[in-house]
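Peer 1: From TrEMBL, here are the annotated features:
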TRANSMEM  89-109  transmembrane segment
TRANSMEM  121-140  transmembrane segment
TRANSMEM  161-181  transmembrane segment
TRANSMEM  187-207  transmembrane segment
TRANSMEM  239-263  transmembrane segment
TRANSMEM  275-293  transmembrane segment
TRANSMEM  305-324  transmembrane segment
TRANSMEM  336-361  transmembrane segment
TRANSMEM  373-399  transmembrane segment
TRANSMEM  411-430  transmembrane segment
Amino acid sequence: MVSAKDGGNGRRPKKGKANRIRSILGVGYWVQGFRCFPWMAVNFFLKDSVKVDPSTLQILQNSANLPMVGKPIYGIVSDAVYISGQHRVPYIAIGAFLQAVSWLVITIFSQSNISIFTMSLYLLLSNLGASIAEVANDAIVAEMGKSKKSQSASSGELQSFVWMVSSVGGVLGNLLGGIAIDRFWPQSMFLFFGLLLVLQFLITISVPERSLNLPKSPSNVGIRKQLSELLAALRKPEIAYSITWFATSYAIIPVLTGTMFFYQTQYLKIDASVLGISKVFGQAAMLLWGVIYNRSLKSVQPRKLIAAIQVTMAVFMISDVLFAKGIYQHLGVPDSVYVVVFSGVLEVLFFFKILPFSILMAQLCPPGCEGSLMAFVMSAVALAFIVSGYLGVALASYVGVTGNDFSGFPLGLLIQAVCTLLPLFWSSWIPNDVKSKTRTE
(Lines of atoms letter the chains of each structure in order from A; the text may use other names.)
(Lines give C-alpha, C1' and ligand atoms only; values in the text may rest on other atoms or scores of the structure.)
Protein backbone atom coordinates (compact mmCIF):
# COMPACT_ATOMS: atom_id res chain seq x y z
CA MET A 1 0.00 0.00 0.00
CA VAL A 2 1.42 3.38 -1.00
CA SER A 3 1.14 6.09 1.61
CA ALA A 4 -0.38 9.49 0.95
CA LYS A 5 2.97 11.00 1.78
CA ASP A 6 4.33 9.41 -1.35
CA GLY A 7 1.61 11.01 -3.42
CA GLY A 8 0.15 7.65 -4.47
CA ASN A 9 2.68 7.15 -7.25
CA GLY A 10 6.03 8.33 -5.95
CA ARG A 11 6.20 11.27 -8.34
CA ARG A 12 5.98 14.08 -5.84
CA PRO A 13 9.02 13.05 -3.76
CA LYS A 14 11.10 12.63 -6.93
CA LYS A 15 9.99 16.03 -8.12
CA GLY A 16 10.84 17.52 -4.73
CA LYS A 17 14.33 16.01 -4.83
CA ALA A 18 14.85 17.29 -8.35
CA ASN A 19 13.85 20.76 -7.17
CA ARG A 20 16.29 20.55 -4.27
CA ILE A 21 19.07 19.59 -6.69
CA ARG A 22 18.23 22.55 -8.89
CA SER A 23 18.08 24.80 -5.84
CA ILE A 24 21.52 23.94 -4.48
CA LEU A 25 23.06 23.94 -7.96
CA GLY A 26 21.25 27.15 -8.80
CA VAL A 27 22.70 28.95 -5.78
CA GLY A 28 26.17 27.53 -6.41
CA TYR A 29 26.33 28.37 -10.10
CA TRP A 30 24.68 31.77 -9.58
CA VAL A 31 27.36 32.74 -7.05
CA GLN A 32 29.97 31.33 -9.42
CA GLY A 33 28.72 33.65 -12.15
CA PHE A 34 28.47 36.59 -9.73
CA ARG A 35 32.20 36.32 -8.93
CA CYS A 36 32.79 38.87 -11.70
CA PHE A 37 31.37 41.50 -9.29
CA PRO A 38 34.36 41.63 -6.90
CA TRP A 39 36.84 40.89 -9.68
CA MET A 40 35.83 44.05 -11.52
CA ALA A 41 36.68 45.92 -8.33
CA VAL A 42 39.99 44.02 -8.12
CA ASN A 43 41.00 45.19 -11.61
CA PHE A 44 40.31 48.84 -10.87
CA PHE A 45 41.83 48.57 -7.38
CA LEU A 46 45.09 47.17 -8.79
CA LYS A 47 45.20 49.74 -11.61
CA ASP A 48 44.23 52.85 -9.66
CA SER A 49 45.34 52.17 -6.07
CA VAL A 50 48.25 49.75 -6.42
CA LYS A 51 49.35 51.34 -9.76
CA VAL A 52 50.29 48.14 -11.61
CA ASP A 53 51.09 48.15 -15.35
CA PRO A 54 49.16 46.10 -17.98
CA SER A 55 51.57 43.14 -17.96
CA THR A 56 51.65 42.94 -14.16
CA LEU A 57 47.84 43.07 -14.05
CA GLN A 58 47.57 40.23 -16.54
CA ILE A 59 50.17 38.15 -14.68
CA LEU A 60 48.24 38.63 -11.43
CA GLN A 61 44.93 37.80 -13.11
CA ASN A 62 46.25 34.54 -14.50
CA SER A 63 48.40 33.53 -11.52
CA ALA A 64 45.37 33.82 -9.26
CA ASN A 65 43.83 30.98 -11.29
CA LEU A 66 46.56 28.50 -10.32
CA PRO A 67 44.32 26.72 -7.74
CA MET A 68 42.00 25.82 -10.62
CA VAL A 69 44.74 23.54 -11.97
CA GLY A 70 44.40 21.33 -8.89
CA LYS A 71 40.81 20.43 -9.72
CA PRO A 72 41.58 16.76 -10.49
CA ILE A 73 42.86 16.36 -6.93
CA TYR A 74 39.75 17.96 -5.50
CA GLY A 75 37.63 15.78 -7.79
CA ILE A 76 39.33 12.56 -6.69
CA VAL A 77 38.99 13.52 -3.04
CA SER A 78 35.33 14.43 -3.58
CA ASP A 79 34.64 11.12 -5.30
CA ALA A 80 36.47 8.97 -2.74
CA VAL A 81 36.43 10.73 0.65
CA TYR A 82 33.04 11.01 2.35
CA ILE A 83 32.38 13.56 5.12
CA SER A 84 29.60 12.35 7.45
CA GLY A 85 28.39 10.05 4.69
CA GLN A 86 28.34 12.84 2.10
CA HIS A 87 30.78 13.60 -0.68
CA ARG A 88 29.35 16.56 -2.65
CA VAL A 89 27.49 19.04 -0.41
CA PRO A 90 30.27 19.29 2.25
CA TYR A 91 32.79 20.30 -0.41
CA ILE A 92 30.46 23.00 -1.73
CA ALA A 93 30.23 24.33 1.83
CA ILE A 94 34.02 24.20 2.30
CA GLY A 95 34.50 26.10 -0.96
CA ALA A 96 32.03 28.80 0.05
CA PHE A 97 33.69 29.13 3.46
CA LEU A 98 37.21 29.59 2.05
CA GLN A 99 35.97 32.21 -0.40
CA ALA A 100 34.10 34.10 2.32
CA VAL A 101 37.18 34.19 4.53
CA SER A 102 39.44 35.43 1.73
CA TRP A 103 37.18 38.27 0.57
CA LEU A 104 36.41 39.43 4.10
CA VAL A 105 40.13 39.50 4.94
CA ILE A 106 40.87 41.38 1.70
CA THR A 107 38.23 43.90 2.77
CA ILE A 108 40.07 44.54 6.03
CA PHE A 109 43.63 44.58 4.69
CA SER A 110 42.88 46.72 1.62
CA GLN A 111 41.85 49.58 3.91
CA SER A 112 45.59 50.21 4.39
CA ASN A 113 48.47 49.86 1.94
CA ILE A 114 48.11 46.21 0.96
CA SER A 115 51.02 44.70 -0.98
CA ILE A 116 50.64 42.93 -4.30
CA PHE A 117 51.99 39.76 -2.67
CA THR A 118 49.39 39.80 0.15
CA MET A 119 46.58 40.56 -2.29
CA SER A 120 47.70 37.67 -4.50
CA LEU A 121 47.73 35.22 -1.58
CA TYR A 122 44.13 35.91 -0.65
CA LEU A 123 43.00 35.89 -4.26
CA LEU A 124 44.63 32.46 -4.51
CA LEU A 125 42.69 31.35 -1.42
CA SER A 126 39.47 32.66 -2.94
CA ASN A 127 40.02 30.75 -6.16
CA LEU A 128 40.96 27.63 -4.18
CA GLY A 129 37.56 27.75 -2.51
CA ALA A 130 35.82 28.50 -5.80
CA SER A 131 37.51 25.57 -7.53
CA ILE A 132 36.55 23.12 -4.74
CA ALA A 133 32.93 24.24 -4.89
CA GLU A 134 32.88 24.11 -8.70
CA VAL A 135 34.26 20.56 -8.70
CA ALA A 136 31.48 19.37 -6.38
CA ASN A 137 28.81 21.20 -8.38
CA ASP A 138 30.13 19.88 -11.70
CA ALA A 139 30.24 16.34 -10.28
CA ILE A 140 26.55 16.53 -9.32
CA VAL A 141 25.70 17.69 -12.84
CA ALA A 142 27.79 14.90 -14.38
CA GLU A 143 26.24 12.26 -12.12
CA MET A 144 22.73 13.35 -12.98
CA GLY A 145 23.68 13.44 -16.67
CA LYS A 146 24.74 9.79 -16.46
CA SER A 147 21.46 8.63 -14.89
CA LYS A 148 19.12 6.73 -17.20
CA LYS A 149 16.28 9.14 -16.54
CA SER A 150 18.34 12.14 -17.63
CA GLN A 151 19.56 10.43 -20.79
CA SER A 152 16.12 9.22 -21.81
CA ALA A 153 14.40 12.54 -21.14
CA SER A 154 16.50 15.41 -22.46
CA SER A 155 20.25 15.06 -22.52
CA GLY A 156 22.02 18.19 -21.40
CA GLU A 157 18.94 19.79 -19.77
CA LEU A 158 20.58 20.14 -16.36
CA GLN A 159 23.83 21.32 -17.96
CA SER A 160 21.91 24.00 -19.82
CA PHE A 161 20.09 24.99 -16.61
CA VAL A 162 23.27 25.57 -14.61
CA TRP A 163 24.84 27.30 -17.60
CA MET A 164 21.94 29.75 -17.76
CA VAL A 165 21.89 30.29 -13.97
CA SER A 166 25.62 31.07 -14.04
CA SER A 167 25.00 33.49 -16.90
CA VAL A 168 22.25 35.25 -14.92
CA GLY A 169 24.68 35.63 -12.03
CA GLY A 170 27.24 37.04 -14.44
CA VAL A 171 24.74 39.53 -15.86
CA LEU A 172 23.83 40.84 -12.41
CA GLY A 173 27.45 40.81 -11.23
CA ASN A 174 28.70 42.84 -14.16
CA LEU A 175 25.72 45.21 -14.17
CA LEU A 176 25.96 45.94 -10.46
CA GLY A 177 29.75 45.99 -10.62
CA GLY A 178 29.78 48.61 -13.38
CA ILE A 179 27.42 50.78 -11.35
CA ALA A 180 29.05 50.22 -7.96
CA ILE A 181 32.64 50.87 -9.07
CA ASP A 182 31.78 54.56 -9.64
CA ARG A 183 29.81 54.95 -6.41
CA PHE A 184 31.52 52.80 -3.78
CA TRP A 185 35.02 51.92 -2.66
CA PRO A 186 36.33 48.55 -3.92
CA GLN A 187 36.45 47.44 -0.28
CA SER A 188 32.66 47.79 -0.06
CA MET A 189 32.26 45.49 -3.06
CA PHE A 190 34.64 42.95 -1.50
CA LEU A 191 32.60 43.05 1.73
CA PHE A 192 29.28 42.58 -0.07
CA PHE A 193 30.51 39.51 -1.93
CA GLY A 194 32.05 38.07 1.23
CA LEU A 195 28.70 38.32 3.03
CA LEU A 196 26.98 36.73 0.02
CA LEU A 197 29.34 33.76 0.34
CA VAL A 198 28.51 33.49 4.04
CA LEU A 199 24.86 33.21 3.02
CA GLN A 200 25.69 30.49 0.46
CA PHE A 201 27.60 28.59 3.15
CA LEU A 202 24.64 28.71 5.53
CA ILE A 203 22.20 27.59 2.82
CA THR A 204 24.47 24.72 1.77
CA ILE A 205 25.02 23.25 5.23
CA SER A 206 21.25 23.27 5.78
CA VAL A 207 20.69 20.78 2.92
CA PRO A 208 21.46 17.11 3.72
CA GLU A 209 22.92 15.33 0.72
CA ARG A 210 20.66 12.31 1.11
CA SER A 211 17.68 14.58 0.32
CA LEU A 212 19.10 15.15 -3.17
CA ASN A 213 18.78 11.47 -4.13
CA LEU A 214 22.03 11.51 -6.10
CA PRO A 215 22.90 8.38 -8.13
CA LYS A 216 24.84 5.90 -6.05
CA SER A 217 28.50 5.91 -6.96
CA PRO A 218 30.24 2.54 -7.16
CA SER A 219 33.60 4.19 -6.54
CA ASN A 220 33.50 4.75 -2.78
CA VAL A 221 36.59 2.58 -2.42
CA GLY A 222 39.39 5.04 -1.69
CA ILE A 223 41.56 7.57 -3.45
CA ARG A 224 43.93 5.02 -5.01
CA LYS A 225 41.05 3.18 -6.70
CA GLN A 226 39.51 6.46 -7.80
CA LEU A 227 42.81 7.59 -9.30
CA SER A 228 43.15 4.33 -11.21
CA GLU A 229 39.64 4.75 -12.61
CA LEU A 230 40.46 8.30 -13.72
CA LEU A 231 43.64 7.12 -15.44
CA ALA A 232 41.67 4.34 -17.13
CA ALA A 233 39.18 6.90 -18.44
CA LEU A 234 41.99 9.14 -19.70
CA ARG A 235 43.48 6.21 -21.63
CA LYS A 236 40.38 6.08 -23.81
CA PRO A 237 41.41 7.70 -27.11
CA GLU A 238 38.15 9.62 -27.61
CA ILE A 239 38.51 11.19 -24.15
CA ALA A 240 42.27 11.82 -24.24
CA TYR A 241 42.30 13.36 -27.72
CA SER A 242 39.23 15.50 -27.02
CA ILE A 243 40.68 16.97 -23.83
CA THR A 244 44.06 17.56 -25.48
CA TRP A 245 42.49 19.45 -28.38
CA PHE A 246 40.18 21.43 -26.13
CA ALA A 247 42.96 22.59 -23.80
CA THR A 248 45.32 23.36 -26.69
CA SER A 249 42.62 25.42 -28.44
CA TYR A 250 42.80 27.83 -25.48
CA ALA A 251 46.50 27.63 -24.60
CA ILE A 252 47.68 28.45 -28.11
CA ILE A 253 45.93 31.87 -28.07
CA PRO A 254 48.06 34.68 -26.57
CA VAL A 255 45.23 36.68 -25.01
CA LEU A 256 45.71 40.39 -24.37
CA THR A 257 43.05 40.93 -21.69
CA GLY A 258 45.18 43.11 -19.41
CA THR A 259 46.34 45.22 -22.34
CA MET A 260 42.77 45.60 -23.62
CA PHE A 261 41.59 46.69 -20.16
CA PHE A 262 44.26 49.41 -20.02
CA TYR A 263 43.61 50.40 -23.65
CA GLN A 264 39.91 50.91 -22.97
CA THR A 265 40.21 52.64 -19.59
CA GLN A 266 43.56 54.43 -19.87
CA TYR A 267 43.81 55.31 -23.57
CA LEU A 268 40.17 55.56 -24.70
CA LYS A 269 38.95 56.74 -21.26
CA ILE A 270 35.98 54.38 -21.37
CA ASP A 271 33.88 54.76 -18.24
CA ALA A 272 33.68 51.86 -15.78
CA SER A 273 29.89 51.73 -16.18
CA VAL A 274 30.35 51.14 -19.93
CA LEU A 275 32.67 48.22 -19.18
CA GLY A 276 30.04 46.86 -16.81
CA ILE A 277 27.35 47.13 -19.48
CA SER A 278 29.73 45.46 -21.94
CA LYS A 279 30.13 42.49 -19.63
CA VAL A 280 26.37 42.41 -19.04
CA PHE A 281 25.85 42.27 -22.80
CA GLY A 282 28.33 39.41 -22.99
CA GLN A 283 26.67 37.51 -20.17
CA ALA A 284 23.29 38.05 -21.81
CA ALA A 285 24.77 36.58 -25.00
CA MET A 286 26.00 33.60 -22.99
CA LEU A 287 22.55 33.16 -21.46
CA LEU A 288 20.99 33.30 -24.93
CA TRP A 289 23.57 30.79 -26.14
CA GLY A 290 22.49 28.36 -23.42
CA VAL A 291 18.85 28.67 -24.49
CA ILE A 292 19.65 28.30 -28.21
CA TYR A 293 21.89 25.30 -27.60
CA ASN A 294 19.32 23.57 -25.41
CA ARG A 295 16.55 24.06 -27.97
CA SER A 296 18.25 23.76 -31.34
CA LEU A 297 21.91 22.72 -31.27
CA LYS A 298 22.13 19.63 -29.05
CA SER A 299 21.82 17.41 -32.13
CA VAL A 300 24.65 19.16 -34.00
CA GLN A 301 27.86 17.15 -34.17
CA PRO A 302 30.21 18.46 -31.44
CA ARG A 303 33.19 18.79 -33.80
CA LYS A 304 31.31 21.05 -36.21
CA LEU A 305 29.82 23.17 -33.46
CA ILE A 306 33.07 23.68 -31.53
CA ALA A 307 35.01 24.43 -34.74
CA ALA A 308 32.38 27.00 -35.75
CA ILE A 309 32.78 28.73 -32.39
CA GLN A 310 36.56 28.79 -32.85
CA VAL A 311 36.19 30.49 -36.24
CA THR A 312 33.75 33.01 -34.80
CA MET A 313 36.29 33.90 -32.11
CA ALA A 314 38.91 34.63 -34.78
CA VAL A 315 36.48 36.83 -36.71
CA PHE A 316 35.78 38.92 -33.61
CA MET A 317 39.51 39.25 -32.94
CA ILE A 318 40.07 40.57 -36.47
CA SER A 319 37.28 43.04 -35.73
CA ASP A 320 39.30 44.13 -32.69
CA VAL A 321 42.21 44.90 -35.02
CA LEU A 322 40.00 47.30 -36.95
CA PHE A 323 38.80 48.77 -33.66
CA ALA A 324 42.36 49.39 -32.43
CA LYS A 325 43.22 51.06 -35.74
CA GLY A 326 40.31 53.47 -35.29
CA ILE A 327 38.49 52.32 -38.43
CA TYR A 328 35.13 51.89 -36.70
CA GLN A 329 35.45 55.35 -35.20
CA HIS A 330 36.01 56.81 -38.68
CA LEU A 331 32.86 54.99 -39.81
CA GLY A 332 30.89 56.76 -37.10
CA VAL A 333 30.72 53.93 -34.56
CA PRO A 334 31.47 55.29 -31.06
CA ASP A 335 34.14 53.44 -29.09
CA SER A 336 31.68 52.87 -26.24
CA VAL A 337 29.20 51.14 -28.56
CA TYR A 338 31.87 48.82 -29.93
CA VAL A 339 33.11 47.99 -26.43
CA VAL A 340 29.59 47.16 -25.24
CA VAL A 341 28.65 44.94 -28.19
CA PHE A 342 31.74 43.37 -29.74
CA SER A 343 34.13 43.32 -26.77
CA GLY A 344 31.36 41.99 -24.53
CA VAL A 345 30.54 39.12 -26.89
CA LEU A 346 34.19 38.23 -27.61
CA GLU A 347 34.94 37.92 -23.91
CA VAL A 348 32.29 35.21 -23.46
CA LEU A 349 32.87 33.52 -26.82
CA PHE A 350 35.84 31.82 -25.19
CA PHE A 351 33.39 30.00 -22.93
CA PHE A 352 30.80 29.05 -25.55
CA LYS A 353 32.72 25.87 -26.33
CA ILE A 354 32.53 24.67 -22.73
CA LEU A 355 28.80 23.85 -22.85
CA PRO A 356 28.86 21.40 -25.79
CA PHE A 357 32.21 20.00 -24.65
CA SER A 358 31.03 19.35 -21.07
CA ILE A 359 28.02 17.46 -22.43
CA LEU A 360 30.35 15.49 -24.72
CA MET A 361 32.51 14.55 -21.72
CA ALA A 362 29.45 13.57 -19.67
CA GLN A 363 28.43 11.18 -22.44
CA LEU A 364 31.93 9.66 -22.73
CA CYS A 365 32.66 9.54 -18.98
CA PRO A 366 32.64 6.04 -17.42
CA PRO A 367 30.42 5.61 -14.31
CA GLY A 368 32.08 6.26 -10.98
CA CYS A 369 34.63 8.93 -11.89
CA GLU A 370 32.38 11.76 -13.06
CA GLY A 371 33.72 14.19 -10.49
CA SER A 372 37.40 13.51 -11.11
CA LEU A 373 37.10 13.47 -14.92
CA MET A 374 35.09 16.69 -15.13
CA ALA A 375 37.53 18.23 -12.66
CA PHE A 376 40.44 17.13 -14.85
CA VAL A 377 38.78 18.77 -17.88
CA MET A 378 38.28 22.07 -16.08
CA SER A 379 41.81 21.84 -14.66
CA ALA A 380 43.20 21.46 -18.17
CA VAL A 381 41.13 24.46 -19.28
CA ALA A 382 42.34 26.52 -16.31
CA LEU A 383 45.97 25.66 -17.05
CA ALA A 384 45.39 26.49 -20.70
CA PHE A 385 44.01 29.92 -19.77
CA ILE A 386 47.04 30.57 -17.55
CA VAL A 387 49.43 29.61 -20.36
CA SER A 388 47.38 31.75 -22.73
CA GLY A 389 47.66 34.72 -20.38
CA TYR A 390 51.42 34.36 -19.97
CA LEU A 391 51.81 34.09 -23.75
CA GLY A 392 49.75 37.27 -24.00
CA VAL A 393 52.20 39.06 -21.70
CA ALA A 394 55.07 37.88 -23.91
CA LEU A 395 53.20 39.00 -27.04
CA ALA A 396 52.51 42.45 -25.56
CA SER A 397 56.21 42.79 -24.80
CA TYR A 398 57.14 41.61 -28.31
CA VAL A 399 54.93 44.17 -30.07
CA GLY A 400 56.05 46.91 -27.65
CA VAL A 401 52.77 47.63 -25.84
CA THR A 402 53.03 49.50 -22.53
CA GLY A 403 50.65 51.42 -20.30
CA ASN A 404 51.21 54.56 -22.40
CA ASP A 405 52.15 53.19 -25.84
CA PHE A 406 49.59 51.12 -27.77
CA SER A 407 51.02 51.54 -31.27
CA GLY A 408 51.81 47.82 -31.56
CA PHE A 409 48.43 46.73 -30.21
CA PRO A 410 46.76 46.08 -33.63
CA LEU A 411 49.63 43.78 -34.64
CA GLY A 412 49.31 41.86 -31.38
CA LEU A 413 45.57 41.41 -31.94
CA LEU A 414 46.19 40.15 -35.48
CA ILE A 415 48.70 37.55 -34.23
CA GLN A 416 46.13 36.53 -31.62
CA ALA A 417 43.49 35.96 -34.34
CA VAL A 418 45.85 33.84 -36.45
CA CYS A 419 46.74 31.66 -33.45
CA THR A 420 43.03 31.12 -32.77
CA LEU A 421 42.60 29.44 -36.17
CA LEU A 422 45.49 27.01 -35.77
CA PRO A 423 43.61 24.34 -33.72
CA LEU A 424 41.19 23.84 -36.62
CA PHE A 425 43.89 21.87 -38.43
CA TRP A 426 43.57 19.00 -35.93
CA SER A 427 39.90 19.34 -34.98
CA SER A 428 39.42 15.70 -36.07
CA TRP A 429 40.58 14.79 -32.55
CA ILE A 430 37.06 15.62 -31.36
CA PRO A 431 34.67 12.67 -31.93
CA ASN A 432 31.54 13.30 -33.95
CA ASP A 433 29.22 10.32 -33.57
CA VAL A 434 29.26 10.13 -29.77
CA LYS A 435 26.00 8.22 -29.29
CA SER A 436 26.93 5.39 -31.59
CA LYS A 437 30.32 5.05 -29.88
CA THR A 438 28.66 4.91 -26.49
CA ARG A 439 26.22 2.22 -27.63
CA THR A 440 29.08 0.22 -29.14
CA GLU A 441 30.99 0.26 -25.88
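Glycine is no exception: its Cβ is also placed from the backbone N, Cα and C atoms.
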Peer 1: Cβ pairs under 8 Å only, please: of the recorded stretches 187-207, 275-293, 373-399, which one is richest in them relative to the transmembrane segment (411-430)?
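Peer 2: Ranking 187-207, 275-293, 373-399 by Cβ pairs under 8 Å to the transmembrane segment (411-430) puts 373-399 first.
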Peer 1: Counting a contact as 3 or more Cβ pairs under 8 Å, with residues at least 6 apart in sequence, do the transmembrane segment (305-324) and the transmembrane segment (187-207) touch?
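Peer 2: Taking Cβ pairs at least 6 residues apart, the transmembrane segment (187-207) and the transmembrane segment (305-324) are not in contact, as fewer than 3 fall under 8 Å.
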Peer 1: Same-chain Cβ contacts of the transmembrane segment (239-263) under 8 Å, 6 or more residues past its ends?
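Peer 2: Non-local partners: 43, 47, 53-55, 57-59, 61, 233, 306, 310, 320, 324, 343, 350, 353, 357, 360-361, 364-365, 373, 376-377, 380-381, 383-385, 387-389, 391-396, 401, 403, 406, 409, 412-413, 415-416, 419-420, 422-423, 426-427, 429-431.
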Peer 1: Under 8 Å between C-beta atoms and at least six residues away from its ends: which parts of the chain pack against the transmembrane segment (161-181)?
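Peer 2: Non-local partners: 22, 25-26, 29-38, 40-41, 44, 137, 141, 188-189, 272-280, 282-284, 286-287, 290-291, 355.
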Peer 1: Which of 121-140, 275-293, 373-399 shares the most C-beta pairs under 8 angstroms with the transmembrane segment (336-361)?
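Peer 2: Most Cβ pairs under 8 Å with the transmembrane segment (336-361) come from 275-293.
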